[in-house]
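Here it is, the structure in full.
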There are 2 protein chains.
Amino acid sequence: MSKQAAHPTLLIPGPIEFDDAVLDAMATPSQSHVGGPFVNTFGDTLKQVRDLFISTDPAAQPLVVSGSGTLGWDFVAANLVEPEEEVLVLHSGYFADSFADCLSTYGARPTQLKAPIGSRPSLAEIEKALKEKSYKVITITHVDTSTGVLSDIKAVAELVQKVSPNTLVVVDGVCSVGCEEIRFDEWGLDVVLTASQKAIGVPAGLSILMLSGRAVETFNSRKSKPGSYFASFANWLPIMRNYEAKKPSYFATPSPQLIHALHTSLTQILSIPLADRFTRHKSTSQYVKSKIAELGLKQLASKPEEQANGMTAIYLPEGVAIPDLLPKLMAKGVVFAGGLHKEIATKYFRFGHMGVSVMNNDLGHMDKALAALKESLEACKK
Amino acid sequence: MSKQAAHPTLLIPGPIEFDDAVLDAMATPSQSHVGGPFVNTFGDTLKQVRDLFISTDPAAQPLVVSGSGTLGWDFVAANLVEPEEEVLVLHSGYFADSFADCLSTYGARPTQLKAPIGSRPSLAEIEKALKEKSYKVITITHVDTSTGVLSDIKAVAELVQKVSPNTLVVVDGVCSVGCEEIRFDEWGLDVVLTASQKAIGVPAGLSILMLSGRAVETFNSRKSKPGSYFASFANWLPIMRNYEAKKPSYFATPSPQLIHALHTSLTQILSIPLADRFTRHKSTSQYVKSKIAELGLKQLASKPEEQANGMTAIYLPEGVAIPDLLPKLMAKGVVFAGGLHKEIATKYFRFGHMGVSVMNNDLGHMDKALAALKESLEACKK
């Protein structure tokens, strides 16, 4: 506890603050990656991942692999798309550009459907694009961490099912899984990829994916071999199935410490109804956004229905610069993030509100941060 | 300490036992991946990686990325070899087959030079192979974890420099870095790839590479784009240079907790001369191997100069099976590993002796393990 107490409160859109029990699990003594105790823990953790995605379809398949969220793009690009196949990339910020780059690396042909900064492509625009070309995959950034724009993945998935039912629906959920509502089976999603260090509340180092049965079939009927070795479903799917069946299996060494931390955090997350968790993130977000408005600040995402519930991207007021603001916040024990979207990086900052900072009111993180922001902005203007 | 004290002693060829301070570092409270404190730690850690490889060439480049050791193969295959280029893969066990698979995935043409199980290709065989074809890269498994066979990378590198000087020398050092002597600059190596969880003494989750200036130049003069996105030097080299220069930089989120653990372990490793560390692993290995011989057991690697110093692969005596032996050892608080080489997996077991279990005599791991082995074998024969 004392170690935790001494550190500034990290309220960036990932990594987030971690619960003490999760950090304790990071210090789990060494275990064999193929020994009974770890195989049990990993198997249970994979079942928890299904629960996190509200998925009961036995044909669906969770994957947890050492890496960062970015590795999830390689998994999609190297396994679900074959060279020369078309992908529609919905753009709501910086991360769509990178996902498109990744798709191109493996020979796919991405077409980006771009929206102005702070918004997302409309359903009408998406429908038009889907009718113009036959797409193997559509990708949606659920929450773009560079802009705080939320996409309506349920509505997009419904639209795809109506106008282009063979297109796989792939969601980049790096900044959404664990804080935004996701109903994997019910909404007919084919892939949600994420990372450990955001609303899942575990230190960075894990790439986490959920695949539909249809995604697995698509992979199984590939004509060409997967374009990656480390990020190959052929190498990992049998391993995940074995761990979940509590059978030791080896392709590359997983990290027992990170898996224990994930197991600990998912146990906490799943100890209350997920709907309550989503509601709490939404109400906290609305509280933060109302306070931000009271301070006279504007968000990048101007429409309420396009605003993420786990973070807020905020324009700096006239005359205040990042190198002035962030050190003043830091002096008050609060860490926010600067801008990330290349075109306007120096003009805004980002406030993450996910995980324990939202779910555990006793920590007082939100009011501490909002007070620090108010005082720091006032000091900047003097 | 109590948490550590309660667990069985893990003496498999990785993951190894971890020092208390390293596990404490795994529980470091959350930090921003682009904030000053973490950028400092990561920058210092990259400098330590240079020291670990005894490298002072400023053109050489360390890389530390979230992933497992296997990811290092993708880095080599996707960045240093172009489609249709030839690679000579020296085979001293299971891992060469996998590295060759990885190379093929990215379009390279691997030729394996195989030795019988328990040995390695001779210098004469390697010279002959190098003269038959022009190879872009030669790969050597320094210690094959499936067989415990040690390769003489210094002698192979000298030979390559003599008969095929344009060929890049790539070493798979997953089971050697931190326990076997490696002099990166002096021996003229181009790549050594490794992982965190073996003799480096850090939980699994990091892929660690050292590249020569020549390897970086080879990448820079590629005609085709790298074959991977997550494992692309184009994406990571600028990030590593920035962190080492203590400048924040972003491609994918690194794991502050794993990097802190690596920093802690490397600080311990580098606190005494590396030569002493190598000598201690060698003398401990000789002690273990002499005791194994006293028990009438034979190693897979029959020639002393081909025996690894961080592990021993041992044939089971007649009439003793893995499912009999390992639980008896476990009952005595010692975890060994079963066989891994597909052709003979059920016929042998593996004993890892690396890191704190070797360097800290007070732990008493070696004598505990040797006594447990002796008693367990006797119990198996009854």
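The backbone N, Cα and C atoms fix where each Cβ goes, glycine too.
Annotations per TrEMBL:
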DOMAIN    B:30-341  domain 'Aminotransferase class V'
MOD_RES   B:Lys198  N6-(pyridoxal phosphate)lysine
BINDING   B:Arg350  substrate binding site
Counting only other Cβ atoms and using a 10 Å cut-off, which of the recorded positions B:Lys198, B:Arg350 scores lowest?
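Least crowded of the recorded positions B:Lys198, B:Arg350, by Cβ count within 10 Å, is B:Arg350.
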In which DSSP state, out of helix, strand and coil, do we find B:Arg350 (substrate binding site)?
strand
In whole Å, how far does the CA atom of B:Arg350 (substrate binding site) lie from that of B:Lys198 (N6-(pyridoxal phosphate)lysine)?
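The Cα atom of B:Arg350 (substrate binding site) is 14 Å away from the Cα atom of B:Lys198 (N6-(pyridoxal phosphate)lysine).
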